[in-house]
Amino acid sequence: MLQQAQTTSRNTLLDRVDSPKDIRQLTHDDLIILAAEIREKIIDTVSKTGGHLAPSLGVVELTLALHYVFNTPTDKLVWDVGHQSYAHKILTGRRKQFDTLRQYRGMSGFPKRGESDYDAFETGHSSTSISAALGMTLAMDLLQQDNKAIAVIGDGSMTAGMAFEALNHAGHLDKNLIVILNDNEMSISPNVGALSSFLSRKLTGKTMRRVKSHLVEKLQDSDVGENILNVLRKSEESFKSFFTPGMLFEAFKFDYIGPIDGHDIDALISTLNTVRDTAKGPALIHVLTKKGKGYLPAEENPDAFHGVGPFNRQTGKIIKKKGPASYTTVFGQTMLELGKKNKNIVAISAAMVAGTGLTPFSEAYPDRFFDVGIAEQHAITFAAGLASQGMRPVVAIYSSFYQRAMDQIIHDVCIPNLPVTLAIDRAGVVGDDGPTHHGIFDISFLRFIPNLTIMAPKDEAELQQMLVTATGHDGPTAIRYPRGAGEDVSTSQEIESIPILEIGRGELLREGDDILLLPIGNRVYPAMRAAEELAKQGISASVINPRFIKPLDAELICQQAKKTGRIITIEDNTLCSGFGSAVLELLSQKSLYGIKTKILGHPHAFVEHGPQKTLWENSGITSRGIIMAALDLLQKETDPSVANE
């Protein structure tokens, strides 16, 4: 059950909308007013909770028109990525809960089937909507149900190959699938690539007449040309299709309609009604929208307001917490310095330039920076190609998005043992975006790959060391680091002063006799604090910073394991096949069967959204959780409140 926020009653149109049935009774003027009230609700809420503001503001009229025309939830709406679904949530019975958006145990920021029948398909990653809606369309056809499935996909998501695989299949099946192309010329960062340039070709009437006149003149010079002209004269639209985006989608056997003003409710409703009632086969409606529509700061800087924390709604100024630099910032600064020292280093992003900290590198070395769009598979193999010719590519992608490129990592990078560095940002739980964005599987799905070295820094200084080590290593490497601030340790501004790490060598931070704490990455400092508290209770703990998930420092770990007879591993990753599993495998290989062990990490489940600290506490990987696990392993009791994260 969602928490229901306490809200003050207001006499607005929005207060009278509890389901899409209510908006179908409204007049044109009412819909205009309602759109403004929805924007007000979204801006007011997101300014407090944070969230995906600009994408949701851009599709308010489109959302109203879709629910006005289609019989949802019987007709199925599939929102690609899902970060633009706020108006959809407000209109489908969740208005009173909207103030709990992205709050712990509150409303998800993405479509959730368990949250509402109107959320037909769960999304969070890009480019899945057309495939899902096509599957729904086929299922309805097989079940003899006369309903529609509508995919709403942004032009940014159309840069991914999966979208075109679905278009190709849909054209072959020739079913009544409806695709809405929400074209705002943005994914998160501004769109890149030939497709984006193609979609942006909107010829004026004057330009069209000039092109047509010139083409007619040339074609009239031959019999073949005259035959072509006869065909073109049959339809002005056919002529225009040579020069507009429609030709691309018509090649996939879609009926193309558009471009249409995505903020003109009348035009949207009229077009959707026509397509719903007359389409025979797949149809694509090209809708032009403005990301951030209705809130000037978001319109002027849609990248900054794509996914935003709390902000001052009057000024648009983002409320930033004071504290240490983030791991992402340190990564970006170090990449900038590495690029200065080594001309063979190139950086690759998948439509997340600012999010991965690569903006400074992209500005300083534009010829060595590549934003490939939402195309993680291509990013990895593109990097492999660069590496095969002597370059040192660093690919910066969020942990949860690396899942999309598993085959490329294995087949194109690790089998040929190429020097590609995988910078795994947002490793571990990320907070309010929830299970589609948590990075709690990367240790598990990367650890089994031969040739791949995997590292995790305990702090921002060690991140620098690992990045320098990785870019100089003759083989594939991965560095996983978390979302958020570092440990406020000093970092180096000079690459030459950053030490290169010995592959597979950890460090003994504290030596004890009773128990070995073996944390990885961002769990090292909580483990050190736990060891200090345990010492106050007479328990002597060793603490190792492994640095390397693969290969493990077998000598150091086994030496301390034999000495203490007890091990607790701690990781910001799922328990299944993670770092703890690797340690157990090591003990088995070394025939150390008498060691008592306890593995701490996230459960074998999809972790819901919530503050990072809360999620760490729930999984027992804070200082307090480590202390409790140690006492349990030692079969002692004490006050559990002795330490907190």
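Even glycines carry a Cβ here, placed using N, Cα and C.
Per Swiss-Prot, the features are as follows:
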{"type": "BINDING", "residues": "His83, Gly124, His125, Ser126, Gly156, Ser157, Asn184, Tyr295, Glu376", "note": "thiamine diphosphate binding site"}
{"type": "BINDING", "residues": "Asp155, Asn184", "note": "Mg(2+) binding site"}
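Features recorded in Swiss-Prot, as mapped to the structure shown.
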residue: His83; record: thiamine diphosphate binding site; DSSP class: coil
residue: His125; record: thiamine diphosphate binding site; DSSP class: coil
residue: Asp155; record: Mg(2+) binding site; DSSP class: coil
residue: Asn184; record: thiamine diphosphate binding site; DSSP class: coil
residue: Glu376; record: thiamine diphosphate binding site; DSSP class: helix
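Asp155 (Mg(2+) binding site) is 14 Å away from His83 (thiamine diphosphate binding site) when you measure Cα to Cα.
Ranking the binding-site residues Asp155, Glu376 by how many Cβ atoms sit within 10 Å of each one's Cβ puts Glu376 at the top.
The Cβ of Asn184 (thiamine diphosphate binding site) has 23 neighbouring Cβ atoms from other residues within 10 Å, across all protein chains displayed. Of all the Cβ atoms in the protein chains shown, 21 others lie within 10 Å of the Cβ of His125 (thiamine diphosphate binding site). Each residue contributes its Cα atom, and for Glu376 (thiamine diphosphate binding site) and Asp155 (Mg(2+) binding site) these two points are 16 Å apart. Among the binding-site residues His83, Gly156, the residue whose Cβ has the fewest other Cβ atoms within 10 Å is His83.
Counted over all residue pairs in His83, Gly124, His125, Ser126, Gly156, Ser157, Asn184, Tyr295, Glu376, the record's binders of thiamine diphosphate, the longest Cα to Cα distance measures 32 angstrom.
Between the CA atoms of His125 (thiamine diphosphate binding site) and Asp155 (Mg(2+) binding site) there is a gap of 14 Å.
A Cα-Cα distance of 7 Å separates Asn184 (thiamine diphosphate binding site) from Asp155 (Mg(2+) binding site).
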